[in-house]
């Protein structure tokens, strides 16, 4: 019993892991968002110069999300952790936090082999630590889930082998990537990016391994070892971390690069110097509103999601990666969308970039909903299932369509005059919250009582159980407030 004194629950460690991964993936944009104030390059040239960095950011974001998913699946087999597991987890987080350095180096010096070696070496260390954690956990069954503790020793070893089988793919990809880094950096990055889809390969390996070993596993246990599903709670925690960090980074420009200097304050006074920053304040407010609306959209969507498969998770990760672009978009807006009296083609391109990023981030969230509709009885809560509550489903679908449509409209306004697109961008940002309020008034109040009381889902068959018959007279009397009649009917 002495060795069990350091038992702790998983909740805090899970939250800490999610926060670290959210920060690591989000700060990938920081080296890209810094613009040279002394440069006279136009926006088109700037984007051409940085397209490699942007692609590296996007791929690295998704790869880090894949590493985070591996952490999530690891905790599915654990019920507790001890001090050894905590320290192994902390060491793995240390290697995770080093990834932005290698990615920044790769974006700045594409074609060099050293950045890829650093990235792959870092990822190999993470995989090695995963193997150590799995072996340690299975050697101490009291750390595992209760149903795993009850298995015979032979079956427990088989489950351990299942978990270790998954760890064969990623190290192979990293070794191949390093071996090709000197000859073709593009091929090396394609191999690294394949990590994004390895969870699907893991499931296929599980099916082959189970058939080859002739071992029977019920579907829930198979999903535990090779699962194609992930808890929505962990996805929400990770996504909330990304949203909160991005929302905080939006203020960087006006607190660092554009903060009034001593010469400006001495010349015009601090009041005038701060008032001259009004276009920056307007950009900050507009982009914060966009992030807030996207979070609200994400919150509304996951209120109706029961569980997620791999396609839904990748779509969510793509959405988060584009949300992570917003600090860069703010830097572009502050540089090229400043004074409405001095607008040019760079202004047009900056607004287009903002519209495209907003459109893609919101559309990826809509893709999650569309994929969930394929098997709505399994993936959607009753309140979002069109077969159960059509009005509530329509309300959610309308909410998911507002931001993509508005951002698409803003994009097409960039073909108009400069003054028109400037007004259209900020007007669209201010009007969008009122669109959500309008559909809330029109549709949001329906079915509230029905959703809470009448819809029942059979946990065994995953199907809708019709509500019991209720006396129409009883309902009418209750509406009239006749408590005596209601009591007599109840008797």
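Cβ atoms here come from the backbone N, Cα and C positions, even for glycine.
Per TrEMBL, the features are:
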- 15-34: transmembrane segment (TRANSMEM)
- 54-72: transmembrane segment (TRANSMEM)
- 84-101: transmembrane segment (TRANSMEM)
- 113-138: transmembrane segment (TRANSMEM)
- 186-209: transmembrane segment (TRANSMEM)
- 281-302: transmembrane segment (TRANSMEM)
- 314-337: transmembrane segment (TRANSMEM)
- 349-374: transmembrane segment (TRANSMEM)
- 395-414: transmembrane segment (TRANSMEM)
- 420-443: transmembrane segment (TRANSMEM)
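Through the fold, the transmembrane segment (420-443) approaches residues 282, 286, 289-290, 293, 296, 337, 340, 343, 347-348, 351, 354-355, 391, 394-395, 398-399, 402-403, 406-407, 409-410, 413-414 of its own chain, all at least 6 residues removed from its boundaries and within a Cβ separation under 8 Å. Between the transmembrane segment (314-337) and the stretches 15-34, 84-101, 395-414, it is 15-34 that has the most C-beta pairs under 8 angstroms. Between the transmembrane segment (84-101) and the stretches 15-34, 54-72, 113-138, 349-374, 395-414, Cβ pairs under 8 Å are most numerous for 113-138. A contact between the transmembrane segment (281-302) and the transmembrane segment (15-34) is absent, since fewer than 3 of their C-beta pairs, 6 or more residues apart, lie under 8 Å. Under 8 Å from some Cβ of the transmembrane segment (54-72) lie the Cβ atoms of residues 17-18, 21, 24-25, 28-29, 32, 92, 96, 99-100, 103, 106-107, 110, 123, 126, 130, 189, 192-193, 195-196, 198-199, 230-231, 234, 238, 313-314, 317-318, 320-321, 324-325, all in the same chain and six or more residues away from its ends.
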